[in-house]
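The structure under discussion is supplied below as structure tokens; questions concerning it will follow.
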Amino acid sequence: MYRPRSMVSPSRFFNPFMVALIVIITVGLLAMTAGLLIHFLAFDKRAYFYHSNFHILNVDYTEALNSPATHEYRTLSERIESMITDAFRESNLRSEFIRTHVVKLRKEGSGVVADVVMKFRSSKRNNKKAIKTRIQSVLQRLSSSGNLEIAPSNGITSLTDQDTENVLTQECGARPDLITLSEERIIGGTQAETGDWPWQVSLQLNNVHHCGGTLISNLWVLTAAHCFRSYSNPQQWTATFGVSTISPRLRVRVRAILAHAEYNSITRDNDIAVVQLDRPVTFTRNIHRVCLPAATQNIMPDSVAYVTGWGSLTYGGNTVTNLQQGEVRIVSSEVCNEPAGYGGSVLPGMLCAGVRSGAVDACQGDSGGPLVQEDTRRLWFVVGIVSWGYQCGLPNKPGVYTRVTAYRNWIRQQTGI
């Protein structure tokens, strides 16, 4: 009997090309859906900054509230920041609120007014005016907390990102995380990035890096006296700003060099100088001043500090062109002066810092540069000036720095700061 040849039904098998095409389209659609979801959940949000002021009703203004270096200024600012933070964490804005920061405490009558910047993160689609109204509503409910009575301002002002940067760079000691009121604090690696240490200065002799320095105002740089032992003519010197010594962001001539009159090149005592710039620098995100400590500020042994500069990476090596950073710890003078260390050569006006293994240290070319520490409000203070040491990075031979607190009055006498 004739049996026709069986035919393969096209409905039972797919062309491999069609299968691959369907898989690709399906994966693409899933990826697009996931991308849109991520975008709307995360990238759809943006930061909003606001400024307000608060009258502290039960605190009298004193001179101690004139500087962020004092215990009184720091304590009151932290109490105000904590009070505002708690208010938003307990409100319906808890998911939008990021951070607040007291920019300045100022006198009004006999009382104190706190200028405050606040950061929120919300969807770009939200009504900006409605957010502002909700913020104002929370602030109006502030009254007292921890024996602190606050009368909030009747209004708040919206700030652009640039406005916020302009406000916060007028404050001393602000690194990028504070300028953006970020929750992140990252200091890693050995090479600094643009803006990481905005007060770092390269003091250049005939346009070649010779010493480091620290910007302490728009006109003055703090450095070491030994930098000028052989070259004290201001006309030979320039100050540059930025992470690179060969392509700086800014170059300014030096007007005057004021080294400590009692600097001793043998004992290295009083190794401190200030340099007056030929013109004031304009503070920006990447160039602004560090905070000076109070004369009474206590520098605790084993506390973390950072040293920065363009010095050589090994003893006897060449200086580098890109700014380097190193994490060290404060070493007590007693330990530093032990026989295995410096055997009594570390004087009261000096400060030791390093690591036990000796792996991180200042070296040639770092002289005059800053040793800085961060306080509890993320403000940075210069506590030391790179001065001397035995070679570089040896165990039991930490770097020796001029102790800035010991010369706080001298700095004020020379600069008015």
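Here the Cβ of each residue, glycine as well, is placed from N, Cα and C on the backbone.
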Swiss-Prot pairs Cys352 with one of Cys336, Cys363 in a disulfide bond, so which one is it?
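Going by Swiss-Prot, Cys352 is disulfide-bonded to Cys336.
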Please give me the disulfide-bonded residues out of Cys336, Cys352, Cys363, Cys392 that lie within 10 Å of His226 (active site, charge relay system), comparing Cα atoms only.
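The disulfide-bonded residues passing the 10 Å Cα test: none.
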By CA-CA distance, flag whichever of Cys211, Cys227, Cys352 among the disulfide-bonded residues is nearest to Cys363 (disulfide bond).
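Nearest listed residue in space: Cys211.
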